Amino acid sequence: MESLALLPTLSLSTTTTTSKATAFLRSSTTSLHHRRPHLSLSLSSTPKPTLTFSSHSHSHSLSSKPLLALKPLNATASSSSSPATTSPPPTKSGAKLIPLILSVSVGLLLRFAVPKPAELTPQAWQLLAIFLSTVAGLVLSPLPVGAWAFLGVTASVVTKTLPFPTAFCAFTNEVIWLIVISFFFARGFVKTGLGDRIATYFVKWLGKSTLGLSYGLTISEALVAPAMPSTTARAGGIFLPIIKSLSISSGSLPGGESRKKLGTYLIMTQFQSAGNSSALFLTAAAQNLLCLKLAEELGVKIASPWVFWLKAASLPAFVALLLTPLILYKLYPPELKDTPEAPALAAEKLKNMGPVTKNEWVMVGTMLLAVSLWVFGEKIGVSSVVAAMLGLSVLLLLGVLDWNDCLNEKSAWDTLAWFAVLVGMASQLTNLGIVSWMSGCVARSLKTMNLSWPAAFGILQAAYFFVHYLFASQTGHVGALYSAFLAMNIASGVPGVLAALALAYNTNLFGALTHYSSGQAAVYYGAGYVDLPDVFKMGFIMAVINATIWTVVGGVWWKILGIY
């Protein structure tokens, strides 16, 4: 789940006594003959995983090693150091009072202060009030998202707005379970080290210059994206550790002026590229699957969705991925242009990692099986969720994952809880006529302006995109607004498939607007390499550039494909 409210952020804590001790190697003529420490990710069931530099050498050690520690989420990135053993102050339990009052007030005001339209039933109006309070809670976060969603579905049952089976009907939804299983695949990539190995190979092949290094990281993310549906997992589990290790080895440290040598550019480029990687594949982000499910409930059905999604996204996403590192190289340039040591560092890291393990090969084979079934499964009667279930079963049977790994993947179970609540409410809003009534009102307003469907399409897409400044979750945005905006598009005469795909692609692209707009945003900003004003400035500039690329290139490509 790409939600800021539930994410820890990464900050640097060092125990070094000299700047040399923070590098992968000491600057000596014989440094390549020593084992270099490399990054490893340690995950546990505790809420505070740690990232550490470790050395696989049994005969050499560093007297002081850089230590990366996950800290609780802050509003700002800090460069100050603190002991890794310092315990955070105890957090206050229970709901936050002011966000709670505001969230509940939204629904109460609609229910009791706003006259019910004659076209709607009391049940529909009451469900809309509960839904709006639920959505307000997603934005204001009086409680964690899953807890607040549970309160929302409880309210719908207690008030007899929905019967229990109807309120919980979405918990059997195939798409939601596909999302849950995809989180387990992501854990497999991290646990086996396969994702880290893939990214390191691209650093070795393309890392002689800063620009080449950026392209290597961008390409590697695009390759692992279809099997890792969480941009947060990709950012925190694979790419941020690699970027930080490369930056530190080049003397680019977070917090100070040296960060501009390499770290700021790599962080910003990876951050801005991630949205296009997520938009490229249906299974590259959890919200993609939710978008298509909500579209289907409004009558927009796409045959062979995995293939069709990839075909439609391929050209605009490829152009955007190709241009993003180059554009940022001009607009947000690194001080260090050449990184001749990066391939050597990557080669040494691969040497320390050793040969590909059995579990990595199993992971490769399993993902090839799953992706093949996602592409061709419909022809042999295997649905996407069944393909994912088969893949997870293989990983469990062969010991790549154990059941505790699945149980400890809290984001998966949390996603199941609140996705199901939102999908269930959204489907009932459609069944009770709320969505059609709302979209009809907007469509009539647009028609009074004598707008053609392309003009209405542009206005609605822009509104859907930039309203994300009010959200801290991509999936929360989808659950709150996707159905309504899709219905408005359709009512305005926009072809259904075009509107559904464009809204879904935009959902990935606006994840880089701010430091709170997505899970990966919090991870990358929390690393301490970019200033907050730069995040907002470059976020807006790249949003306009991406919108232009997807509108021009995508518009022509979709016309060729016959989507409209």
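Our numbering is plain: 1 for the first residue shown, then up by one each step along the chain.
In case you wondered, yes, glycine gets a Cβ from its N, Cα and C as well.
Given the structure is predicted, the values throughout are model-derived calculations rather than measurements.
Between the listed ranges 193-213, 214-234, 235-255, Swiss-Prot ties the annotation transmembrane segment to 235-255. Checking the ranges 262-282, 514-534 against Swiss-Prot, the transmembrane segment annotation falls on 262-282.
Annotation: stretch 538-558 has the most Cβ pairs under 8 Å to the transmembrane segment (307-327), among 166-186, 235-255, 356-376, 380-400, 538-558. With a threshold of 8 Å between CB atoms, the same-chain residues lying at least 6 positions outside the transmembrane segment (451-471) that come near it are 138-139, 477, 480-481, 485, 488-489, 492-494, 498-499, 502-503, 506, 509-510, 513-514, 517, 543, 547, 551. Listed as Cβ neighbours of the transmembrane segment (356-376) (distance under 8 Å, sequence separation of 6 or more from its ends, same chain) are residues 185, 188-189, 191-194, 197, 226-227, 282-283, 306-307, 382, 384, 386-388, 390-391, 394-395, 398-400. Outside the transmembrane segment (166-186), and at least 6 residues removed from its termini, the chain residues within Cβ reach (under 8 Å) are 153, 156-157, 227-230, 233-234, 237, 283, 286, 289-290, 292-293, 367, 370, 383-385, 388-389, 391-392, 395, 401, 405-406, 409, 411-413, 415-416, 419-421, 423-424, 427-428. For the transmembrane segment (415-435), same-chain residues at least 6 beyond its ends with a Cβ under 8 Å from one of its own Cβ atoms are 1, 119-121, 123-124, 127-128, 130-131, 134, 145-146, 148-150, 152-153, 156, 162, 166-171, 173, 175-177, 179-180, 183, 286, 290, 293-294, 297-298, 475-476, 479-480, 483-484, 487. Spatially, the transmembrane segment (235-255) is not adjacent to the transmembrane segment (127-147); fewer than three Cβ-Cβ distances between them are under 8 Å for residues at least 6 apart in sequence.
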